[in-house]
């Protein structure tokens, strides 16, 4: 009986937000759940910048309040704290923090730090034991977590079509710290939460649509964001008025089998190490997993991001280059719903060459070994 329960629980545990959250309060239409995990994690690699302790923890809550029979308020917050640094360093940050209202079948609207709608599709392949989901990144326009997202979501198409979901999203500008890079000193591009150019974004809009039926899923998402002054005028590659993303994905999740693939094409939106962005990039991720009843979940995946027409890097002109390319082989063993251990081997297929060195892109293999407690 225990092994059968594990086979049912594990897919739920893979969903962001920890499906097995601890209920703290549930009374009079008010509900509060607490969730989190501690990952005792170690990397083994010839790349000394990542080799060693990578321990971290995450803690979050989800809350709901019943305003009326048809209106529900909700909020979520999630925080990450690194456990591999001395106490004198501040290595912690907010992953998500948003609040919203849900109007029964009409849909929901929320605002705050959240996931971009592109991730509605690309998240299907972001399920590896440790690695994966790195053909994009956080604070990368509307591709993953970011600030200032206003999101409308509709589930089951107004209650009329089971499994048909769509979302529309707007992201406000997150610009520079002080505008000191603007020679006109006009102040455009300055925001109260300024950051370096690689993490900035202008106003953006996006949308996604997904359909799930008996274990099969298909989805598509698009986004288009203005780029900031800093992003186009501080010597970074991949300049342009807008950053655009177009993605499509497929998945199968049934009978203990999980298969997923996504293809994304971006313009001025995929980061090239520390150098800037690819004028055009083609990103591909595919993963296959199987859940054994006794708790073992092996995983194999392939990920590639190829930059096109990159331009001049360190005095040399580059056309097409692989930004990321690796095979991932791993496995997770679930002792129960709260305790698991995993190993994940990232087999790096990139060559150590002038381009990867100039961009600061790692070309070494990494083996990750982790022991996880989650609630």
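From the backbone N, Cα and C atoms, a Cβ is placed for every residue, glycine too.
Fair warning: this is a prediction, and the values are worked out from it, not measured in the lab.
As written in Swiss-Prot, here are the features:
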- 1-21: signal peptide (SIGNAL)
- 22-27: transmembrane segment (TRANSMEM)
- 45-50: topological domain 'Extracellular' (TOPO_DOM)
- 67-70: topological domain 'Periplasmic' (TOPO_DOM)
- 71-82: transmembrane segment (TRANSMEM)
- 83-91: topological domain 'Extracellular' (TOPO_DOM)
- 92-103: transmembrane segment (TRANSMEM)
- 106-113: transmembrane segment (TRANSMEM)
- 114-146: topological domain 'Extracellular' (TOPO_DOM)
- 147-156: transmembrane segment (TRANSMEM)
- 157-163: topological domain 'Periplasmic' (TOPO_DOM)
- 164-172: transmembrane segment (TRANSMEM)
- 173-201: topological domain 'Extracellular' (TOPO_DOM)
- 202-212: transmembrane segment (TRANSMEM)
- 216-226: transmembrane segment (TRANSMEM)
- 227-241: topological domain 'Extracellular' (TOPO_DOM)
- 242-254: transmembrane segment (TRANSMEM)
- 268-279: topological domain 'Extracellular' (TOPO_DOM)
- 280-292: transmembrane segment (TRANSMEM)
- 310-320: topological domain 'Extracellular' (TOPO_DOM)
- 339-348: transmembrane segment (TRANSMEM)
- 349-364: topological domain 'Extracellular' (TOPO_DOM)
- 365-375: transmembrane segment (TRANSMEM)
Remote residues contacting the transmembrane segment (202-212) - C-beta distance under 8 A, at least 6 residues beyond either end: 116-118, 120-121, 141-142, 163-173, 175, 218-228, 243, 245
Chain residues outside the topological domain 'Extracellular' (114-146) and at least six past its termini with a C-beta under 8 angstroms from it: 14, 16, 41, 95-96, 98, 167-169, 171, 174, 195, 199, 201, 204, 206-208, 210, 217, 219-223, 225, 243, 245, 247-249, 251, 258, 260-262, 264, 266, 269-271, 283-287, 289, 299, 301, 303-305, 324, 326, 328, 330-332, 342-344, 346, 366, 368, 370
Top partner of the transmembrane segment (92-103) among 71-82, 242-254, 339-348 - counted as Cβ pairs under 8 Å: 71-82
Cβ contacts under 8 Å made by the topological domain 'Extracellular' (227-241) with residues that lie 6+ beyond its boundaries: 173, 175-176, 181-182, 188-189, 197-198, 200-202, 267-268, 272, 275-279, 310-313
Remote residues contacting the topological domain 'Extracellular' (45-50) - C-beta distance under 8 A, at least 6 residues beyond either end: 362, 364-367
Reported mean pLDDT - the topological domain 'Extracellular' (349-364): 94
Within the topological domain 'Extracellular' (45-50), residues counted as helix, strand or coil by DSSP: 0 helix, 1 strand, 5 coil
Positions on the same chain near the topological domain 'Extracellular' (310-320), where near means CB under 8 A and six or more residues out: 237-238, 272, 275, 278-279, 354-355, 358-359
Other parts of the chain folded back onto the topological domain 'Extracellular' (268-279), taken as Cβ under 8 Å at six or more residues beyond its ends: 135-137, 140-141, 143, 198, 225, 227, 231, 236-240, 242-245, 305, 307-311, 313, 323, 356, 358-361
The topological domain 'Extracellular' (114-146): DSSP-derived helix, strand, coil residue counts: 7 helix, 4 strand, 22 coil
